[in-house]
Amino acid sequence: MDATSTAGVLHPYWPRDLLIPTYVANNRSMSEILAFLFSVSGVFLLVTWLITGRRGSRLGTWRRLAVCWFAVCGFIHGVIEGWFSLYYDAIPGDQSFLSQLWKEYSKGDSRYIIADNFTVCMETVTAWLWGPFSFWAVFAFLTNKPYRFVLQLVISVGQLYGVVLYFFTEHRDGYAHSELGHPIYFWFYFVFMNVLWVVIPLVLVVDACRQLSTAQAHTDKFKRN
């Protein structure tokens, strides 16, 4: 998979003539990196599921799954994407675990390894807004705060907007930053791992709108009486 850049540095990224002079190959395998990502995400999901199912909880199955989603989002946005937003310049040559995770993911989208302006800006907004807001949403649902569906709507719209721009900008670039059609790097890394932030936020936007509309209808009825 490696190719030689114009600086003579071997790298596995597309386009093949991409200049990454500080790049150092990962010393951790794909399986190690993915195992970390999915195991930690799984822990967040499991712990949140157990917390939301405690005795006296008013949350149904669907709502518990939504809260679990926000917990996982808090981890991914705040920690993983937060790392990128802080250290994007150093990632190509850095061997810290999270830097290696980003170097692995960049095989599906090399905009990350070259710190493309769009990805830096988009990930910074995602990390420092939707990360903390996601944890706030978990708290709001666990404590039955009246603004919980407002948070759900704001976070989900923000996520949806970001990922639509993410896909659309790459589409306009002709999918030049990945090996188009590759089963892992294109379809799993680039498509599947991001399309989740289209489907789930879209469902949550519809759900929040219904909840808020119902609440407003009750308010309007009360005012008329």
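Cβ atoms here come from the backbone N, Cα and C positions, even for glycine.
Owing to the predicted nature of the structure, the values given are computational and were not obtained by experimental measurement.
Within the model, the domain 'EXPERA' (62-205) carries an average pLDDT of 95. If you look up TrEMBL, you'll see 62-205 marked as domain 'EXPERA'.
Only residues 6 or more beyond the boundaries of the transmembrane segment (33-53), in the same chain, are considered here, and those with a CB under 8 A from a CB of the stretch are 26, 59, 63-64, 67-68, 71-72, 74-76, 80, 97, 100-101, 104, 138, 141-142. Residues or ranges marked as transmembrane segment by TrEMBL: 33-53 (among others).
Per TrEMBL, transmembrane segment is recorded for 65-88 (among others).
Per TrEMBL, the feature transmembrane segment maps to 125-142 (among others). Residues 48, 51-52, 59, 63, 66-67, 70-71, 73-74, 77-79, 81-82, 84-85, 148, 151-152, 154-155, 158-159, 162 of the same chain lie 6 or more positions beyond the ends of the transmembrane segment (125-142) yet place their CB under 8 Å from a CB of it.
As annotated by TrEMBL, transmembrane segment applies to 149-169 (among others). Panel annotation: around the transmembrane segment (149-169), residues 66, 70, 73, 118-119, 122, 125-126, 129-130, 133-134, 136-137, 140, 194-195, 197-198, 200-202, 204-205, 207-209, 211-212, 215 of the same chain, lying at least six beyond its termini, place a Cβ under 8 Å from a Cβ of the stretch.
Per TrEMBL, the feature transmembrane segment maps to 184-206 (among others).
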Sequence-distant residues near the transmembrane segment (65-88) by C-beta distance (under 8 Å, 6 or more away from its ends) are 37, 40-41, 44-45, 47-49, 52, 59, 94, 96, 98-99, 101-102, 112, 115, 119-120, 123-124, 126-128, 130-132, 134-135, 137-138, 141-142, 152, 155, 159, 200, 204, 207
Residue counts for the domain 'EXPERA' (62-205) under DSSP, helix then strand then coil, are 110 helix, 0 strand, 34 coil
Same-chain residues at least 6 beyond the ends of the transmembrane segment (184-206) with a Cβ under 8 Å from one of its Cβ atoms are 30, 66, 69, 105, 107-109, 152-153, 155-157, 159-160, 162-164, 166-167, 170, 175, 178
